[in-house]
Each structure stands twice: as structure tokens, then as C-alpha cells.
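Visitor: Sharing a structure, written as C-alpha cells. Questions coming.
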Amino acid sequence: MRSTLTLMAGVAAVAVSAAMVNAGEMGKYPPLAPLGEPPIPLDNKQSDAKVELGKILFWDPRIGGDASTACVTCHEPDQGWAFGDSLSRGYPGTVHWRNSQSVINTAYLGQLFWAGSAASLEKQAPSAAKGAVAGNGENDVMETRMAFIPEYRVRFKEVFGTEYPLIGDAWAAIAAFERTLIVNDTPVDKYLAGDKSALSEEQVAGMELFNGKAGCIQCHNGAQATDENYYNLGVPPAERWEEDGLAQVTFRYELYAKGVTQEMYRKLKDDPGLYFRTKEADHMGKFRTPPLRYTAYTAPYMHNGSFWDLREVVEFYNAGGGENDFTDGTMAATKSDLIKPLGLTDEEMDQLVAFLEAFSGDELRVDPPELPPYEALASE
Amino acid sequence: MKISRFKSGSVTLGAALMCATVLAGPVTAEDMALGPVVGPEINEAKAALGKRLFFDVRLSGDAAISCATCHQPDKAFSDGLALSLAYPGSKGFRNTPTLVNTATAANWFHDGRLGTNLNDVTRESITEDYSMNMDMRLMQERIKQDPVYVEMFEAAGYGEPSNGSVRKAIPEYLNTLISKNAPFDTGSMSEAATRGQALFEGKAGCVSCHNGPRLTDDMAYNTAVPDNPEIWSDPMRHMTYAAFASFMGVENYMNVRRDVGAQIIRHPVDGSDVGKFNTPTLRELKYTAPYMHNGMIATLADVVAFYNNGGGDDVNKDERMKPLGLSDAEQADLVAFLEALSGDPLTGPEYVWEDEIPTNYPAIENWRDVSN
């Protein structure tokens, strides 16, 4: 089995001998495209009432363990609907173990979280609300809390027809709200739809690099600018794991909670990414290609927030990525063959950054909802 | 053996014997004898470790509370509140029971839902969402990050810190919490208390349930203690109870408006276990007011008066709950006896971890070079 894998890797290396995408290869990748309207699952249709309910729930810290941590706590609208630190803040008494991702345009994704562990927004929400270093909530408590909020009883009954709110319906409502967090009128969307004045010359040059010399399109393709596939780029391990006791606690907790082998629990010093889900050795260190939309607002970048601005990210790629425990053979050697030095000039890197910024559009802000209070049920 | 003490409750004794036999093997007259509580042998290193864990807030999900938040040493490891605190975001619906002598109990929690051992009690208390809401896997990794614990686990013979060993060490600490120097045990009771004991074992019939060294038969009965209305008027208490009832499989839990007590264990369809609560220990009562499973009775005099009146009103009330016809003086004697069952407070370094426990975590400096 091992020799087959090695052989396959070798073939891939030969096939893509340089990151540069030549004209003949361009057609291999779905082109960048205007985003259009998000897909809506048949089993969770949108309605104004459901979206409004989901919005309130998104802000409500009672949907969590100690009533301190809401969805919005780590997905803050003024921080790109993400969290502006390398590792997300985590539940009180903890720090999270990965960078918080933006909620914007997640409606289009088929795989949520950095290792794609949730296949829908309806599944992502409970996973975040219940994880010990995220929301640390439990279903019974979260569900019964909602029953003591009269406004929720009315709203859930209207939307879902239940006497008392059900926690599964809360996730559906939150997902419906998240499907309204769409930014699909960026300069790039306008340009790709035919408005050639929407991008500056610098940005157009950046797009050409993106599709050509820089080879970004190989993974960041299609309307979402992601192939939703998994790669190891050699992003270095989070510095905080070496410096911060709290982060070390969480790192080991994830190894324990995600059920790696005893040997892996002892040895791993870097986030094995997709391996957590599949337990396949050749998946170590691989993460899902993130979408590039809205990235102007979501610094820092990468699964562990290693880079603080887009220029740093571009420089990282230009250098041919980096090294981590899964590139140097310490634990594995899974670095993608697509990651090679790009030979971009300073000006070209500026052009790429300018293009990425044009992929972000205006910031999406909403007025925070008013949280409805608890009230006694006993008089009923 | 003073077998005569059982005469007044002979019918009761038979019933208690039958029930208890089913659960915990034959109850002998010796089991029921009043006398000093004898605790288990103690392993000092394990108990010291358990003591530090007991006082460490990092054992709760958000590092806000420790076991000692609700089980305070100067209150005989209760909290002085009618209804307990709970994990932040929830509020309790029962009175915090004492932990003194809990090492020799046969079942735990006011509804008696755990009849196994303190290992399970520890697990339940740490992990339950309304108590400490801790993912024990995260707890283990927190503990491993503290060099003091790493040493203490090693010294205790547990090897590297693990959540399994936490569930052994805390019970070992609880084994040290045994009543000490109660006048009843030292033979230094007042005359009033001595008269009270005679009533306790005779006319008042207390001994039919409150027997053995801890003065409890560890069985559940319905004495018709009034429900605590605050559970239903305070939405945070009510929701905590509703979440509990939902988890415990109580039918129609959103419409329940009383604490169903031991009904959650067997769920008899006729509801006959509704309102049954475990006989509490009568030791250390001096420190553990207010009383009853829901803190509804403020003083021992009121408790005695409650029994003297034959308890409260409930369709399931135990038929032995009858007016006792005790005079004021007799009731005062009973109170004196109850007070004589309290010993020295278990405070001071023998029982309390007095050193500061850090709430942060030092980084492991050569992290990349050492095994996790």
C-alpha cells in the first residue's frame, strides 16, 4: 500500500512540474465566476421568520454552556464574521485550537470547518455550540433554556409548529440566517459579469497571475474560489502551541477527543487536519482549501492564523510554502506538489493582493438583535 | 445491642429491611445500630491529591467553580442555601447535601439515583451540565499541564494524570471527611440530648429511618415536605429542573410542577415514587441549615415540629408519617439530641487545600521535544 502511494505521489509530481499553469491547463479548473444565489436545502427552506429567529439565536449566548458564548462570540461581524486572533478565543477557561473562519458565503460550501468535518451549516452549528473549547453546551440545557424565553416559544411555533422550541430547529434557523450572509457583488463578481470597469488595472493583472503564473486557480477555483479539497501547504505549526500553556492543553485535548492512536497522541506536535477525520496517514496536515471571498476582513489567515495579512500569505506561496511536521517526514511528508516557488516579483505580489482585496466587496454589517428575556412558565 | 430501640418502629423496620435487602443485601440489626462513623483506611498521598482537586476551579468547564464552591468546609461541606448554586447559566433545584461521612453512604443525591460508589458520584458531579459541565478529557489535559499535579499523581501511585485517577483521588479525599468528636460519639451529651435520644428511638420513631452510624437507612420516602415554589417561579431554576427531568426521562417534563424525586429511578407507572427523597444523614446538622432536599425548613426546631405534625400533605405520603404528640419540651430535647450529632468542623489544613491553586497554565518549555 505504501509503495503504491509513493508511486502515485511521484506521478503527480511529474505531471505538475511547476506551479505555473500553462494555457493548456487552464481549462482543467473551473474558472472563477460570479457567485450567484446560494443553494437552499430542500429540508430547510428560507423564510423571513426563520431567518429572523436564526439571527437572534446567533447572538444568544444562552445557546452554549455557561450562557456566555454565542455564535457571534467567535464570528464577530466587525472582525469579518470571524475572530481576529491566530487561534479563536474559545470557551471561557480555554483557548480554541484553530483560526475562526468567516460565516460570510458559507452558504455555498459543502464542507465546513478546516478539515471539513461538517457537511452542512445545520451540522456545523451544533458542533461548535457543543465542543468543550467552543460553546461547551449540552442539548438538554440549551433546549430547555429556549422554552423559558416566551418570544422564542412564539417564534419557534410560527416557524416550526412546535409547542416548545427544539434544539435541532435552532440549528436549522441559525443555518437559515447564515444563508443570508452573502457578499456576491464584489468588484470581482461585477467584473466577471461583464463590467470591465469594476477592477483596476492592478487587480486585473493580479487576476491574470492568479489564473496563470501564480497557479492559485489550481485549488482556488470556481465561484467560491475553492475546490473544497485538502492539501498540506507546509503552514508552520501555531507558535502559541510552543509558548502558551492554555493552547498546549487544548492541543492535547483535541488529540484525545478526536480519538487518535496512543502513539499519535504522544508524538503529534502539529495539527494533523484531515487525518483527524479519516485516520489515513497520507491525510496528515491537510486542510480544506478556504474560499478567498471576504478575506480582506478576516485576518489572520490559515488554519492556525499564522499570517497576519494577505501580503504575508502571498509571500508564503511565492516562497513555495513552508515546512511543518507533515512535510519534513517527522510525522509524514504530505506537502502538495502544487506548492512550488512562484518567482513572483514584488509588484506581482502587490497585484495579487489587490486582486484578493477586490474579492471582498463591502463589509456586511447587520444591526444586532435584542435578546428576549427569560420568563417564568409556572403561571401557565 | 439495644434491640429495644426498634420496638416503636417494628412494622417500619420490617418494611425497611425488605426494601433495603433488594438493593444492598441483608440489613442487620448491627447495621442499624447508632454509633460512631468509622471511615475507610486512607492513603495519604491519594487523599492529598483529591483535596487539591476538590478545591480547584479548573475542574469545571469554564473554570469558574470547584467542588468546594457548593461544598464548603465551614458548613460541613454544604453551602447554607435553600437551593444550591449551579454551573453559571443554570441554577440549582435541590439543597446541597453535606459530604461528611458520604464515604460510607450506600447511595447518593437526594433522589438516590446513584447507588454505586463515589467514583460515579465524582464523575456525575464534574460532568453534569448544570453542576460543573466539564468535558473530562479537557480536564485531564488541564491537570497534565500543572507540574504540581504531575508530581502529586506520581506520588499517589497513579502515574500520569488521567481523568480516571481524578475519579479515584477525589473519593479518597472524601474518605477523610468523617465526623469527629460529636458529643454523641464521645459520650458527652447533655441531659436534654440524652432525653432526646430516648424520644428519637422511642416515641418519636425517628430511628425507623434514621438509623445506623450516619442515622440514615439510605432509602427514599415521601414525608410530604412542601415543594419549594422558587423552583417554578425562577425560570433559571425551572429550566434547570426541566433539563434534568428531560434527561432523566420524566414523562411530560415541561408540564411537571413539582420535584418528582426518586420517581426518576424506576418510573413506576402509578407514580408511587413521586415525591420520595432519600433519608438524609442527621450528622453535622448544626452546620447544614436550611434543611430537607429543597431547603424548605429553616431550623431544626421547625424540622422537629414538621414531624410532630405528621409531615405535610401529599397523596403519596408515607403512612408512618403521623402526628407524634410531642410536647414543646420533648421537641426541644429532640433538637438537643440532633445537635449532639454534630462534631468538630472539618476545617484547617487537614481538610482544606490552603495553598493557592493557580488558574493559569505554565507552558511546557521544551514542548516539541517531549512526549505529550
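Glycine residues also receive a Cβ, built from the backbone N, Cα and C atoms like all the rest.
So TrEMBL lists these for the protein:
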type	residues	note
BINDING	B:Cys67, B:Cys70, B:His71	heme c 1 binding site
BINDING	B:Cys206, B:Cys209, B:His210	heme c 2 binding site
DOMAIN	B:45-154	domain 'Cytochrome c'
DOMAIN	B:191-342	domain 'Cytochrome c'
SIGNAL	B:1-24	signal peptide
Visitor: So what's the mean pLDDT when you look at the domain 'Cytochrome c' (B:191-342)?
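Guide: The average pLDDT of the model in the domain 'Cytochrome c' (B:191-342) works out to 97.
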Visitor: Within the chain of B:His71 (heme c 1 binding site), which residues six or more apart in sequence place their C-beta under 8 angstroms from its C-beta?
Guide: B:Phe54, B:Phe77, B:Ser78, B:Asp79, B:Thr96, B:Thr98, B:Leu99
Visitor: Go ahead and report the DSSP secondary structure tallies for the domain 'Cytochrome c' (B:45-154): helix first, then strand, then coil.
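Guide: Grouping H, G, I as helix and E, B as strand yields 50 helix, 4 strand, 56 coil.
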Visitor: Highest CB neighbour count within 10 A among the binding-site residues B:Cys67, B:Cys70?
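Guide: Going through B:Cys67, B:Cys70 one by one, the largest Cβ count within 10 Å is at B:Cys67.
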Visitor: Taking the mean position of the Cβ atoms of B:Cys67, B:Cys70, B:His71 as the heme c 1 site, which residues outside that list, in the same chain, have a Cβ no more than 8 Å away, listed in sequence order?
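Guide: Here the nearby residues are B:Phe54, B:Ser66, B:Ala68, B:Thr69, B:Gln72, B:Phe77, B:Asp79, B:Thr96, B:Leu99, B:Ser125.
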Visitor: Return the residues near B:Cys206 (heme c 2 binding site), defined as same-chain residues 6+ apart in sequence whose C-beta is under 8 angstroms from its C-beta, sorted by sequence, else 'none'.
Guide: B:Leu199, B:Phe200, B:Tyr307, B:Leu334
Visitor: Applying the rule Cβ within 8 Å of the centroid of the Cβ atoms of B:Cys206, B:Cys209, B:His210, what extra residues of the same chain belong around the heme c 2 site?
Guide: B:Phe200, B:Gly205, B:Val207, B:Ser208, B:Asn211, B:Leu215, B:Thr216, B:Asp217, B:Thr279, B:Leu282
Visitor: Compute the C-alpha separation of B:His210 (heme c 2 binding site) from B:Cys67 (heme c 1 binding site), stating it in Å without decimals.
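Guide: Approximately 27 Å lies between the Cα of B:His210 (heme c 2 binding site) and that of B:Cys67 (heme c 1 binding site).
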Visitor: Look up B:Cys206 (heme c 2 binding site) in the DSSP assignment and reduce it to helix, strand or coil.
Guide: helix
Visitor: Between B:Cys67 (heme c 1 binding site) and B:Cys209 (heme c 2 binding site), how many Å separate their Cα atoms?
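Guide: Their Cα atoms are separated by 29 Å.
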